[in-house]
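Worksheet: the structure to be examined is printed underneath.
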């Protein structure tokens, strides 16, 4: 399967709780986020998607939305904030919020399916739940996958243990997308052809 080249200009926002979690050390957070983006890039390379971090905003003074442990509420607030505030400051294709808040229902991430390029829906929420940066990167890769039209791997149809779009994260997640995920992405491209990811940054 050969995929056309696409480029995602990603904005990552770090909430105030995460800023405090890393002892208000912005440099430490920057290093962590850059490592995360490197991992995400590696996982998307087989799909011919290049991810660039085009903005990193750290909410060092206070949260600019109310971050609640109800992930769907926080995701909706963040989507509204992206549309009304962030996009007016700087263009981006997609924005993800990294939070130190413990999300409800054993959730470690949430994103709108097929949201890519939509002003309000091209967002994700990821909990910085593990000291291991790769584990958090896999979660963001998973949530970006939803933005790109991917469903969870069906246990029967997708023979892929611990692949990125598995509905539960494994202790040793793989760096691979299942064939199902690749097909979902191909379908999304064909059906919607999201324009914002066509241009190189």
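Heads up, the Cβ atoms here are built off N, Cα and C, so glycines get one too.
Binding of Zn(2+) is attributed by Swiss-Prot to 142, 146, and within the candidate set 39, 152 the record adds 152 to that site. Within 8 Å of the centroid of the Cβ atoms of 142, 146, 152, where the record puts Zn(2+), the same chain has further Cβ atoms from 109, 111, 143, 145, 150, 151, 164, 165, 167. Most other Cβ atoms within 10 A: among the recorded positions 1, 72, that distinction falls to 72.
With the fewest other C-beta atoms within 10 Å around its C-beta, 152 stands out among the binding-site residues 142, 146, 152. Rounded to a whole value, the Cα-Cα separation of residue 72 (N-linked glycosylation site) and residue 146 (Zn(2+) binding site) is 14 Å.
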